[in-house]
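*Asks:* Swiss-Prot lists His77, Ile80, Glu81, Arg85 with the feature site 'Interaction with E-box DNA', giving similarity to another entry as the kind of evidence. What Swiss-Prot lists as site 'Important for interaction with CLOCK' is Leu125, and the listing cites similarity to another entry. Per Swiss-Prot, the feature domain 'PAC' maps to 401-444. Under the heading compositional bias 'Low complexity', Swiss-Prot lists 511-521. Look at Swiss-Prot and you will find Lys538 tagged as N6-acetyllysine.
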Amino acid sequence: MADQRMDISSTISDFMSPGATDLLSSPLGTSGMDCNRKRKGSSTDYQESMDTDKDDPHGRLEYTEHQGRIKNAREAHSQIEKRRRDKMNSFIDELASLVPTCNAMSRKLDKLTVLRMAVQHMKTLRGATNPYTEANYKPTFLSDDELKHLILRAADGFLFVVGCDRGKILFVSESVFKILNYSQNDLIGQSLFDYLHPKDIAKVKEQLSSSDTAPRERLIDAKTGLPVKTDITPGPSRLCSGARRSFFCRMKCNRPSVKVEDKDFPSTCSKKKADRKSFCTIHSTGYLKSWPPTKMGLDEDNEPDNEGCNLSCLVAIGRLHSHVVPQPVNGEIRVKSMEYVSRHAIDGKFVFVDQRATAILAYLPQELLGTSCYEYFHQDDIGHLAECHRQVLQTREKITTNCYKFKIKDGSFITLRSRWFSFMNPWTKEVEYIVSTNTVVLANVLEGGDPTFPQLTASPHSMDSMLPSGEGGPKRTHPTVPGIPGGTRAGAGKIGRMIAEEVMEIHRIRGSSPSSCGSSPLNITSTPPPDASSPGGKKILNGGTPDIPSSGLPPGQAQENPGYPYSDSSSILGENPHIGIDMIDNDQGSSSPSNDEAAMAVIMSLLEADAGLGGPVDFSDLPWPL
């Protein structure tokens, strides 16, 4: 046992000896020792370098400069980014002000919304929301030749294609011979500017400008500065609104040469006229279109400008514009007549006047508003115009007046002719106003007559009888002297009010009396007027109700009444001056509610029509109590 213990202790001591320890730790611990050594060395070196930099003033300065450069670079970058953001914001704001949809918004929009609305607006302008390509314009069942013949036949012209860069005629249809007398072979390949009038070349060049079409994008090499040839496949041609063209130009006509002698052109002016006749005016309508050079067969032009760009051409239809100049009759030039529009109330007062009236009448619109048109009519034309006034209130048709004289601001008269029509409120069924289109009639039209305006038959009655002798005086005609005030009737503004009250009374009676529903406004009933000796007739006539002549009353039926203050026998109620009293006298025995209502309507209308213009109305002799 002791020997075994000694062997074990010797073995352990051998194992724990330094040599054995090196043998065990050599394969495993060598790398770890080296790593620790490296770590210690690296950290030591860094610390030493830091201590050296701190101790060395030169190293400390370099370190400070390095940190300053980093800080300055960061600040410069932030300033650049800030300026870029400011520019972008300013452009976004400017774009928002140019787009109508953005400008109409009350709140400020974000950048994405502004850009989206700008894109939508550009698509709307260029027609890109619903693009029209070549295939959309041609039906599938028509070939190209058939479509070309149909277009030429419908347009009655010739089709031509012109290059926008040089004005070279690339194609022209055979129908050009009918208009310009040039064959197709004579024009193809020639310059369009050689056949234009010298004064029209600049205008045609402006129309050939392709700035509105798709931009010609080119890639430029930064080193050489030359354009780079790209293989970009062009998309389908789009007919945008900016590519449309329509213009007039003068082109040469190849008319057959005629031998002209010198005596035929005695002056330079005649030669200029002959040269002018060799041109004809052509109306060209078409659009600008872009083709790749390979499609046009222009690859032989190996110019650097043609690389990577499309060829813009004008495709148009040329039609002969005929000069239609009417020949003057009797050496006079017919011009459009001057006219103005006015709107009147039912009593003839101005409620609206067109601004063109100032150049014709010399009145400002505010000077005419609220005044009656009868104040400006000549006294000889009041009767005819009153009849037209009554007719336009009773019918829905347009009434054309005869030529009449209208007093302008300087006191003289101008000749007018008017078309009147009334506007009826669809809800109340009442006339609200009268629209009058007034046309100036020249002296030559008055002498020769104008078939477009039929003349109406003038009334045999004079409107002098419509006003009392105290206001307008007895009937007499004053000679009209241009430039001197006169010719109008004092107090004529009441005539329109009297006509309006007459028509309103007619409609009121028609609405209240069942027996008169089917009668005409101009002839309420066929009952003859009562005799002037009857009590009712005397009292009503003495009431002084204004009287207006009716256009439908024949002259033979007019009865003079000395007790009536006016010379005409027509009443404010129409042809029958006392329709209400006569109807009541015939039905005295019956007291139906309809008759009572009709009687009260007549009484109320007489009270309203009187309006303080005449004397008091005496109803003491009426056959029934009030």
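Just so you know, glycine gets a Cβ as well, placed from its N, Cα and C.
Thinking about packing and proximity, how do these listed features fit into the structure?
*Replies:* For His77 (site 'Interaction with E-box DNA'), the number of other Cβ atoms no farther than 10 Å from its own Cβ, over all displayed protein chains, is 10.
Long-range neighbours of Ile80 (site 'Interaction with E-box DNA') (same chain, six or more residues apart, CB within less than 8 Å of its CB): none.
Sequence-distant contacts (6 or more apart, same chain, Cβ under 8 Å) of Glu81 (site 'Interaction with E-box DNA') do not exist in this structure. Classification of Glu81 (site 'Interaction with E-box DNA') by DSSP places it within a helix.
Residue density at Arg85 (site 'Interaction with E-box DNA'): 10 other Cβ atoms are found within 10 A of its Cβ, drawing on all protein chains shown.
Within 10 Å of the Cβ of Leu125 (site 'Important for interaction with CLOCK') there are 12 other Cβ atoms, across all protein chains.
Helix first, then strand, then coil: DSSP counts for the domain 'PAC' (401-444) stand at 2 helix, 26 strand, 16 coil.
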*Asks:* Find the average pLDDT over the domain 'PAC' (401-444) in the predicted model and report it.
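*Replies:* For the domain 'PAC' (401-444), the model's average pLDDT rounds to 89.
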*Asks:* Return only the integer: C-alpha distance in Å from Arg85 (site 'Interaction with E-box DNA') to Leu125 (site 'Important for interaction with CLOCK').
*Replies:* 29
*Asks:* Can you tell me how far the Cα of Leu125 (site 'Important for interaction with CLOCK') sits from the Cα of His77 (site 'Interaction with E-box DNA'), in Å?
*Replies:* 40
